[in-house]
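Peer 1: Let me give you the structure first, and then I'll get to my questions.
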Amino acid sequence: MEFANTKWVAAAASIWIQSFSGASYTFGIYSSVLKSSQSYDQSTLDTVSVYKDIGANVGILSGLFYTAVASRKSGNGGFFSGPWLVIFVGLLQWFVGYGFIWMATSGVIPRPPVAMMCLFMFFAGHCQPFFNTAIVVTAVRNFSDYGGTAVGIMKGYLGLSGAILVQMYHIFCGGDPRNYILLLAVVPSLLILTLMPFVRTYDTVIAGDKKHLNGLSAISLIIVTYLMVVILVENIIGMSMPMKICSFTFLLLLLASPLLVAVRAQREEEHRFLSLDFPVTERTTLLDSPKLNSSSGKLGPLVMLIEVKFLTHFNQSTDVKDVMTNDMNVLEAICTTNFWLLFVAMICGMGSGLATINNIRQMGESLRYSTVQLNSLVSLWSIWNFLGRFGSGYISDTYLHSHGWPRPVFMAITLGLMAIGHIVMASGLLGSLYIGSLLVGLAYGSQWSLMPTITSEIFGVLHMGTIFYTISIASPVGSYFFSVKVIGYLYDKVASEDDHSCYGNHCFRTSFLIMAAMALLGSLVALVLLLRTKKFYATLVAKRILK
């Protein structure tokens, strides 16, 4: 039982939960049956989908709840404390939300009013902040020195879960989206209920953390490569049902492999503890003052000199003082310029990205893509989303530690990449949806890794969940504007009055050009954030070197 109480088992359990909880990214699978069964036009469907996005991104309650039951003071101390309780509250919303949607689309209950459907779509989405807060904040606490990599892995599997769930749809649902909604209500619920007790916090830093995180990263890349091959084979030559079952079974074995990393890490930690070669140290904040022993090594005098110069510069720099305030609460964070720069950048980036995934099926239908191609787009989006989340976390960590590059550099680059992707999709050329969704998916996923990590570094870890999801409100705000006021409005203007359909390049062209302009604006805002936090990140790198 002692083996189960380690941060590596917590990481493996978190990965498995994330791998099956990204149902919001598969909205394209059942959006058509939701539209037809409820007799919605495109604007109404977009409105309903926005409530899913609002639920998935308004996580202030989950952040406050995490602080109350899983903060440093309460930690894992009692039965009614710890991250598992946050996950459980999200699980209740998941089951109720998808259960009601299934009953509505299957005719088990009379067709509900649009407002009622929006409410339960909100529940289906609002579970995600509870899962994310528990898992992401716990990962940052457990691996504080490599928060970008840890967040990238956890958020990456959430993005990848869309492709995993689509594989389950192909095997178990017989091509019926209604069965898929029922599967969402039941199977992930049982899995999460089983795994949530293992998600616990361990505020320690161990010398081998980076190596084992790299192991988890390698497994992630193997899984995403395998899924890519499976999707391409399905799309090009097709797969029989026995082949699909075999491929999914092998996928489950790959998903179980993080447990091997947990076993190896636990053995090495036990060996290190016994030999006392690599002591385990407690960490209370990302930017704790270093505890240096000047007589403990050859570099002692040099390190002391660096520390003196560094602290002198730090005390003289009022700009850095403003940024270096640790563990702000949400009200203090809201009063800073950096908070609003992040918020505006996320409106442009996350908002237009969500609008893209919500409408990618309808866009494909307007260009007369086949059903197989449409389902492949949804699966591939999940893969691009994963690569963006994982890649930006890993690369930003690497360049921060080795070259001192501030993370907002990568936010500006990826938002510029998103603008290019929107332009490609607006062109409506052959294959433009594949290329455009690749660029937008990578950029969109990157924001979900970069923004939480930047939040934890600038505002501190203690109230990270609340601040992170307060900034995330920008995502549904942007999604509502782009989905309803831009895409839905412009689509309905050119759609047929009989069946609310439109075919041709013109259906979405103007909408995506507008979103391209807004993504470019977000890139410029991220550059302003870069200029404001440049000294802060130099300070952060120096303090980590001193440690």
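Including glycine, each Cβ sits where the backbone N, Cα and C put it.
TrEMBL feature annotations, pasted as is:
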type	residues	note
TRANSMEM	15-33	transmembrane segment
TRANSMEM	54-71	transmembrane segment
TRANSMEM	83-102	transmembrane segment
TRANSMEM	114-140	transmembrane segment
TRANSMEM	146-168	transmembrane segment
TRANSMEM	180-200	transmembrane segment
TRANSMEM	245-265	transmembrane segment
DOMAIN	337-547	domain 'Major facilitator superfamily (MFS) profile'
TRANSMEM	339-360	transmembrane segment
TRANSMEM	372-392	transmembrane segment
TRANSMEM	412-445	transmembrane segment
TRANSMEM	466-491	transmembrane segment
TRANSMEM	511-531	transmembrane segment
Peer 1: So are the transmembrane segment (54-71) and the transmembrane segment (245-265) touching or not, going by 3+ C-beta pairs under 8 A with a sequence gap of 6 or more?
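Peer 2: Output no: the transmembrane segment (54-71) is apart from the transmembrane segment (245-265).
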Peer 1: Using a Cβ-Cβ cut-off of under 8 Å, list the residues of the same chain that are 6+ residues beyond the ends of the transmembrane segment (180-200) and lie near it.
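Peer 2: Residues 4-5, 7, 9-10, 12-14, 16-17, 20-21, 23, 26, 29-30, 76, 82-84, 87-88, 91, 94-95, 98-99, 101-102, 105-106, 131, 134-135, 138, 165, 168-169, 172-173 contact the transmembrane segment (180-200) from elsewhere in the chain.
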Peer 1: Counting CB pairs under 8 Å, which listed stretch among 146-168, 339-360, 372-392 touches the transmembrane segment (245-265) the most?
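Peer 2: Top-ranked stretch among 146-168, 339-360, 372-392: 146-168.
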Peer 1: Take the transmembrane segment (83-102) and find every residue of the same chain, 6 or more past its ends, with a Cβ under 8 Å from one of its Cβ atoms.
Peer 2: 17, 21, 23, 34, 55, 62, 65-66, 69-70, 108, 112, 117, 120-131, 133-135, 137-138, 178, 181-182, 184-185, 188-189, 192-193, 196-201
Peer 1: Take the C-beta pairs under 8 A between the transmembrane segment (372-392) and each of 146-168, 412-445, 511-531. Which stretch has the highest count?
Peer 2: 146-168
Peer 1: With pairs fewer than 6 apart in sequence excluded, do the transmembrane segment (146-168) and the transmembrane segment (15-33) have three or more C-beta pairs that lie under 8 Å?
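Peer 2: They do touch: at least three Cβ pairs between the two stretches lie under 8 Å.
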Peer 1: Counting only pairs at least 6 apart in sequence, do the transmembrane segment (114-140) and the transmembrane segment (511-531) share 3+ Cβ pairs under 8 Å?
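Peer 2: These two segments do not touch.
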